[in-house]
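Pulled from TrEMBL:
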- His11, Arg51, Tyr115: substrate binding site (BINDING)
- 3-117: domain 'Transthyretin/hydroxyisourate hydrolase' (DOMAIN)
Amino acid sequence: PRAPSGSVTTHVLNTFTGRPAEGLAIHLSRLEDPQQPWIEMMKSSTDTDGRCPPFPAPGTARPGTYKLHFDTGSYWQLLGYTSFYPYVEVVFTITDPSQKLHIPLLLSPFSYTTYRGS
């Protein structure tokens, strides 16, 4: 099913195995004020397809700066590997909360890539 407008979706692929990254913890946070700490809005984890429910809850996105925090160190540890990156944070800006944003993450123990998807 398509994600609703005003949501952020992600898809995490393990490029080391060529499979979706199942069980990877993800947190969405918002920066209200650059002088203050990030405010965590939601947390989830990826399913067998490397996806999780859309962030944030439909209708709650506002223009601003957000970040997705991917707990990569714990993910690789569960698979029996060590990772050069204990976590990956992708910081992005929502300018039009009515749009759907898709932020994929391609991940291996020693590299990652992200981009704005469709």
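Glycine is treated like the rest: Cβ placed from N, Cα and C.
Any TrEMBL annotation is an automated prediction that lacks curation.
What you see is a predicted model, and the numbers here were worked out from it, not measured in a lab.
Counted within 10 Å of its Cβ, the other Cβ atoms near Arg51 (substrate binding site) come to 18, all protein chains included. Per-class residue totals from DSSP over the domain 'Transthyretin/hydroxyisourate hydrolase' (3-117), listed helix then strand then coil: 7 helix, 49 strand, 59 coil.
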